[in-house]
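Written below as structure tokens is the structure these notes are about.
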């Protein structure tokens with residue numbers, strides 16, 4: 001399928017090219033670009049593209065790095081994607097003083113355009129996760145998210161609330177993009193979208209969200225409050241102030257917002273100019289944007305994205321990695337699958353689930369890595385007893401690691417995830433046993449060796465008993481020897497041809513019982529179990545003639 005793409009140049013801009021992409025297998029070779037991870041369908045249902053999300057956040061370079069998720073949300077057609085593209089320029093050129101780029105360079109990255117109809121749908125993330133060194137030397141992963149605008153003509157209230165709420169739940173820095181002023185309905189919508197957070201806070205006694213930044217675009221009153229963060233702080237203090245003469249509803253809105261976010265700030269940005277607002281062919285060139293806007297833009301973007309300003313994503317006091325963020329994405333989207341907005345408290349349940357799943361994934365990954373070091377692909381064969389001892393030791397360490405992680409939901413809620421962890425570790429252990437056994441040169445010869453031993457023993461017994469006149473026992477041994485020889489030939493044919501693999505597995509099971517335990521009872525029990533499980537193999541190998549089966553059924557009726 002043909003699709004237009006733009007290659008990034010040294011300024012963070014793009015030159016447009018056309019590529020032919022016919023399948024998802026070719027996606028990894030694409031240049032960095034926006035990837036839609038939350039899809040809003042025509043029936044207003046939501047779908048998470050887990051494949052795309054995993055490809056971006058679970059890449060080896062970033063999956064174990066603590067993540068900073070920056071999101072821009074707000075009403076549609078207010079310049080969110082336009083702003084995101086300046087963020088991209090900064091992230092690609094932050095070492096440069098003049099990071100905004102060439103004044104004749106079109107602005108590209110996240111899809112945007114002028115006009116009155118919506119452009120972005122669902123949630124898009126930039127396919128390249130940026131690795132940034134914070135002032136303390138820690139390297140963090142920075143993820144940029146662009147969201148569908150709220151309250152467009154094609155979206156329901158549920159659509160708008162879901163996208164805004166989900167982006168707020170996932171992000172560590174939420175930019176609330178507003179036009180001209182912070183009006184009362186803007187605050188009420190924010191209250192609606194973060195209602196989940198208020199209820200979650202009542203359960204955990206922690207503020208559910210981190211940083212909220214009111215970005216007021218097209219600010220027209222610099223004589224009252226100056227452009228920038230200082231003027232924004234004074235303006236926001238006045239706008240969110242709770243006073244005794246306010247109506248209770250207005251007080252509740254402001255108290256609610258303060259109770260949901262750890263940090264709240266504001267930035268006032270001037271209008272970009274009439275050329276931007278009225279030119280249908282405006283493509284983002286800086287030369288067409290007012291100097292006052294560019295001046296404040298150069299302050300805003302570093303204020304948001306400089307290393308010292310980055311807030312690592314935290315949930316319940318725990319710093320989240322890219323791997324953990326994937327689990328939260330999956331858990332949160334589940335609560336939005338129904339036809340109506342879920343009860344806000346379900347966000348706490350989803351958070352607790354994701355929290356526990358992330359702990360399970362971390363503990364399981366720890367077990368997996370250490371077992372790979374012990375008996376991985378390039379390691380020699382390990383004695384089964386030693387392997388079991390290492391397994392029990394590492395399993396105990398993984399369980400201890402799981403229990404040591406701070407998790408929401410309480411001990412009772414976490415118990416089933418502990419059981420899930422133990423079950424998954426035991427399944428991994430079985431795989432490691434099989435992998436380890438495959439390295440044993442004698443393991444491959446176990447079945448034929450066992451059958452040869454049976455043939456030899458029955459041959460000797462048949463000869464001795466025949467010599468002393470015990471013909472019945474000799475005949476029985478000869479019969480067993482013949483059946484064993486047929487079994488050996490059958491096993492060899494199965495190994496050669498690859499047919500009747502289930503029958504081959506039955507033969508291996510019986511031979512393993514004789515080899516490992518040396519117990520006739522164990523062998524007979526396994527033979528009986530295998531026969532009961534795979535009866536259809538007998539009927540497939542020795543089909544009953546139709547006439548004979550008909551006669552038998554008629555006799556039964558009589």
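Including glycine, each Cβ sits where the backbone N, Cα and C put it.
What Swiss-Prot lists as phosphoserine is 10 (among others), and the listing cites similarity to another entry.
Annotation comment: Swiss-Prot describes 22 (among others) as phosphoserine.
What Swiss-Prot records for 23 (among others) is phosphoserine, and it gives similarity to another entry as the kind of evidence.
Swiss-Prot lists 77, 78, 79, 80, 81, 82, 217, 218, 276 with the feature GTP binding site. Annotation note: residue 217 (GTP binding site) sits in a strand segment as assigned by DSSP. Around residue 217 (GTP binding site), a 10 Å sphere centred on its CB holds 22 further CB atoms from the protein chains shown.
Look at Swiss-Prot and you will find 412-439 tagged as coiled coil. The list of residues near the coiled coil (412-439) in space but at least 6 beyond its ends in sequence, with Cβ under 8 angstroms from a Cβ of it, reads 352, 356-357, 359-360, 363-364, 367-368, 371, 375, 377, 380-382, 384, 387, 391, 395, 398-399, 402-403.
Residues or ranges marked as region 'Linker' in Swiss-Prot (evidence: similarity to another entry): 439-447.
Other Cβ atoms within 10 Å of the Cβ of residue 79 (GTP binding site) number 20 in total over all chains.
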